[in-house]
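**Student:** My questions all concern the structure below.
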Amino acid sequence: MKGTLSVLCLVLLVSVLEAAVTKPKFGDFIGCLRYRTSPENPITDAISFADNTTTFLSSYVSYTKNKRFSTPNYRKLLAIVAAKHVSHVQATVVCAKSNGIQLRIRSGGHDYEGLSYMSSVPFVILDMYNLRSITVDVSSKKAWIQAGATLGELYTNVNDVSQTLAFPAGVCATVGAGGHISGGGYGNLMRKYGITVDHVIDAQIIDVNGKLLNRATMGEDLFWAIRGGGGGSFGVILSWKINLVDVPKIVTVFKVNKTLEQGGTDVLYKWQLVASKFPESLFVRAMPQVANGTKRGERTITVVFYAQFLGRTDALMAIMNQNWPELGLKHEDCQEMSWLNSTLFWADYPAGTPTSILLDRPSSPGDFFKSKSDYVKKPIPKEGLEKLWKTMLKFNNNIVWMQFNPYGGVMDRIPATATAFPHRKGNLFKIQYFTTWFNANATMSSLSQMKELYEVAEPYVSSNPREAFFNYRDIDVGSNPSGETNVDEAKIYGSKYFLGNLKRLMDVKAKYDPDNFFKNEQSIPPVRVM
C-alpha cells in the first residue's frame with residue numbers, strides 16, 4: 001500500500017509540475033487568492049499543493065467516490081482549495097477566471113463520472129465540504145443548508161428539533177447538498193412531495209464575477225435554472241433555503257425478495273401496473289439484482305422490493321392486499337419506525353445501527369462503478385424483462401443491479417417547466433443501472449457489459465430523445481472535451497437530461513456566464529436560442 005501511495009504521489013508531483021510549466025499564470029493565481037482574502041480569514045490553510053503530497057493526496061481521495069477516477073493519469077490537478085469562508089469561494093472564482101485556469105466544484109464527490117474533480121486540462125478543485133452549516137426553523141418548517149453539508153447531516157439536524165419533519169431527498173447519507181439538490185435529487189418521498197428542487201425557496205450563489213447573490217438579486221431566471229439544471233454551469237452554490245415536509249412519527253417499511261423461481265418476473269410485471277397508481281403516501285422500489293442461486297456456482301436474478309408507507313402497518317396491508325396481492329406481503333414483513341430510522345433501512349444498514357452513522361464521512365474512495373439511467377413510459381413486457389435478466393447474468397463477478405423507482409402521485413401534477421428538472425408526468429418509473437467491480441483490470445469489460453445491458457433495454461424505454469437523469473451522470477450520452485463546448489454535442493446530452501427545458505437553460509447561461517467559464521464535459525453551453 002505504501003509503495004502504491006509513493007508512486008501515486010510521485011506521479012501527482014510530476015503532473016502538477018508539468019502543468020505549472022505549461023500554465024505560468026498559476027503563480028499569479030495563488031498570489032491573487034492571497035490578495036483577495038483577508039488576514040481574518042486566510043486562504044493559505046485551505047490550499048493543498050503538490051509540494052505537500054500527503055495533504056494533497058488525502059484531500060483529493062477523501063471525496064473521490066468512484067475509484068475509476070482515483071488513478072493519476074486521469075487528472076492535471078494544480079491545487080485544491082477547500083474553502084472555509086465565503087471569501088475563499090469568491091476569490092477562487094475570480095482568480096481562476098482572470099488567470100485562465102479551469103475550475104471544478106465539488107460538494108460531496110458523488111459525481112458518477114468524476115466531472116466535479118477531474119479534467120484533461122490544468123485545473124483547480126474548489127472543495128465545499130467545510131461549508132456545511134445547517135440552520136432549522138421549526139416554527140416556519142424551513143431550513144438553510146450549505147452546499148458542503150451531507151444529506152445525513154441534514155436529516156439528523158432536522159430530527160434533532162422535530163421528529164415529524166423531513167426533506168424529500170436521497171437515501172445516500174454522504175451525498176453533498178450542493179450537487180444533489182441542484183440536479184433534482186429524489187428519494188422515497190417523491191410521490192408524496194416531489195423532489196428536492198420543488199422545495200427550494202431561496203439560494204446563495206457566487207456568480208462568474210465573484211458576487212454573492214440570493215434569489216432576489218440573481219433574478220428568477222437564474223433561480224429557475226439552478227433548480228434542476230445543475231448549479232455547476234452557472235456558478236458556485238453556497239447554500240439552499242428549503243421547505244421541510246410533514247411526516248408521521250411512525251412510518252412503515254418492508255423488504256421482500258422474489259427469486260425467478262418464486263415468480264419474480266410475474267410479480268415485477270404487476271408492479272409496473274400498480275406502483276405509480278398507489279396512494280402517494282406509498283413508495284415501492286423494485287430492485288432486480290444478480291444473486292447466488294440454490295446450487296454452488298449458480299447465479300440467478302432476485303427482485304427485491306423495498307417500500308415506505310407514511311402510516312401504520314394495518315393501513316399498508318389493506319392497500320397491498322387490495323392492489324397487489326401477488327407480492328404476498330405478510331404483517332411480519334413490515335417494520336414500524338421513525339422517519340429518521342427509515343433512512344438507515346433504505347441505506348441497508350443492519351438493524352440496530354445507531355443513527356449517528358448518518359454523520360460519518362468516509363475518507364477513502366469507494367469501489368469502481370458505472371451507472372446509467374432510463375425513463376419508462378409503458379410496462380416492459382415479460383419477454384423484455386427476461387432479456388434483461390439474461391444480459392445481467394453475463395456480468396462476470398460484478399455486483400450488478402437495476403432500480404425501478406416509481407413515479408405517479410404529485411410527480412404527475414408538477415409541470416415539466418416549473419423548474420429546470422423536466423421528467424414529470426407520463427413516466428411509470430425511472431431505471432438506474434449499476435455495476436460495481438473491485439479490480440482495475442475489470443474496468444473495460446465491465447463498461448462493455450453495462451453498455452450491452454443499456455442497449456438491450458432500448459426498445460422498452462423513452463425515445464427521441466432517450467431520456468436520462470442528470471444526477472446519474474453518464475458520459476456515454478454525449479460529452480465535450482474538458483476545455484471546449486461544442487453546441488451541437490451539448491444539445492445531444494442536454495436534450496436527454498433536460499428535454500424541452502434545454503433552450504431556456506442555454507439562454508440563462510448566455511446571460512449569466514457568456515464566456516463559459518463554468519464548464520465541464522456536460523455543462524450547459526452559453527447560446528441564445530431565438
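One-based numbering along the chain as shown.
Even glycines carry a Cβ here, placed using N, Cα and C.
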**Student:** Tell me, from Cys95, Cys172, which cysteine Swiss-Prot puts in a disulphide with Cys32.
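**Tutor:** Its disulfide partner, as Swiss-Prot records it, is Cys95.
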**Student:** Could you tell me which three-state DSSP class Cys32 (disulfide bond) falls into?
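**Tutor:** Helix, per DSSP.
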**Student:** Sort out for me which one of Asn257, Asn292, Asn341, Asn441 has the most neighbouring CB atoms within 10 A, since those are the glycosylation sites we care about.
**Tutor:** Asn341
**Student:** Please list, in sequence order, the residues in the chain of Cys95 (disulfide bond) that are at least six apart in sequence and whose C-beta is under 8 Å away from its C-beta.
**Tutor:** Phe29, Cys32, Leu33, Arg36, Ile101
**Student:** I'm trying to understand the geometry here, so how far is the Cα atom of Asn292 (N-linked glycosylation site) from the Cα atom of Asn441 (N-linked glycosylation site), in Å to the nearest whole number?
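**Tutor:** About 23 Å separate the Cα atoms of these two residues.
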**Student:** Would you count the other C-beta atoms found within 10 angstroms of the C-beta of Cys32 (disulfide bond) for me?
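**Tutor:** The answer is 19 other Cβ atoms.
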